[in-house]
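Trainee: Have a look at this one before I ask anything.
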Amino acid sequence: MNIILLGPPGAGKGTQARFLCDERDMIQLSTGDMLREAKDSGTEMGKVVADVMARGELVTDEIVIGLIREKLEGDKKGGFIFDGFPRTLAQADALGELLAEEGETLDAVIEMQVDDNALVARITARSTCGSCGEVYNDHTKPIPADGKCTNCGGSEFKRRADDNEDSLKQRLMEYYKKTSPLIGYYYAKGQLSSVDGLGEMAAVKADIAKVLDA
Ligand code: AMP
């Protein structure tokens with residue numbers, strides 16, 4: 001089963017993708033994570049995208065489609081979760097073609113609905129474990145008092161450089177201008193389901209499970 005988690009930054013796509021990986025042996029394909037890795041390891045491509053990402057703008061379709069193409073050729077396990085991809089109509093078309101080339105189908109597109117005020121609050125409070133990527137929130141899921149990640153015991157936590165209000169404004173603008181048209185695109189294809197992304201993590205997870213098991 002291959003699915004897209006669609007929603008603005010901070011909607012909880014990464015958190016829910018991690019649950020799906022653990023429980024359904026799926027593979028999370030986060031283009032944001034791939035680009036951050038490229039940036040941190042200082043590759044040529046990483047250098048090209050660093051400024052664009054810091055400003056909260058989208059990197060070119062060509063780059064992200066190339067990243068996804070490589071991953072689709074590898075092990076497919078329980079299927080792919082596309083997290084933060086596609087973000088433009090051109091990327092959505094390309095994904096359809098890449099899946100078809102691999103003899104795969106897109107089984108569901110889950111839109112995670114959240115209001116903008118909640119996004120700002122979530123994103124400016126967010127941090128992740130440097131070792132395993134477990135997501136924390138200063139208010140709703142603080143880093144444990146002993147300073148150790150509940151998932152892996154790691155003790156280094158990171159805040160994303162682009163999780164600040166200025167960059168977030170730009171990321172939201174990009175979302176509404178370029179990514180939100182995908183809601184209509186997948187609706188028209190009969191593939192869209194929507195869940196309320198504002199609820200408790202467990203409630204959102206249950207709503208997603210209902211869609212996938214339907
Ligand atoms: P994310 O971790 O999904 O919030 O992505 C972080 C940043 O990486 C975005 O603000 C963009 O600059 C870039 N990025 C991630 N995925 C894509 C994509 N599919 N298309 C274009 N840019 C992307």
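Positions of Cβ are set from backbone N, Cα and C atoms, glycine also.
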Trainee: For the annotation region 'NMP' in TrEMBL, which listed range does it cover: 30-59, 60-89, 120-149?
Mentor: 30-59
Trainee: Please state which member of Arg159, Arg160 TrEMBL lists alongside Thr31, Arg36, Glu57, Leu58, Val59, Gly84, Phe85, Pro86, Arg87, Gln91, Arg171 for binding AMP.
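Mentor: Looking through Arg159, Arg160, the residue TrEMBL assigns to the AMP site is Arg160.
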Trainee: Do any of the binding-site residues Val59, Phe85, Arg126 touch ligand 1, in the sense that the CB is under 6 Å from one of its atoms?
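Mentor: Going through Val59, Phe85, Arg126 in sequence order, those close to ligand 1 turn out to be Val59, Phe85.
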Trainee: Let me make sure I understand the structure: which of the binding-site residues listed (Arg87, Arg126, Arg160) has the fewest other Cβ atoms within 10 A of its Cβ?
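Mentor: Candidates: the binding-site residues Arg87, Arg126, Arg160. Fewest Cβ atoms within 10 Å: Arg160.
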Trainee: Report the residues of the chain - excluding Cys129, Cys132, Cys149, Cys152 - with C-beta within 8 Å of the mean position of the site's C-beta atoms, for the recorded Zn(2+) site, in sequence order.
Mentor: Gly130, Ser131, Gly133, Glu134, Thr150, Asn151, Gly153, Gly154
Trainee: In whole Å, note down how far the CA of Tyr136 (ATP binding site) lies from the CA of Cys149 (Zn(2+) binding site).
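Mentor: The Cα atom of Cys149 (Zn(2+) binding site) is 9 Å away from the Cα atom of Tyr136 (ATP binding site).
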Trainee: For Cys152 (Zn(2+) binding site), identify the closest of the binding-site residues Thr31, Arg87, Tyr136, Arg160, judging by Cα separation.
Mentor: Tyr136
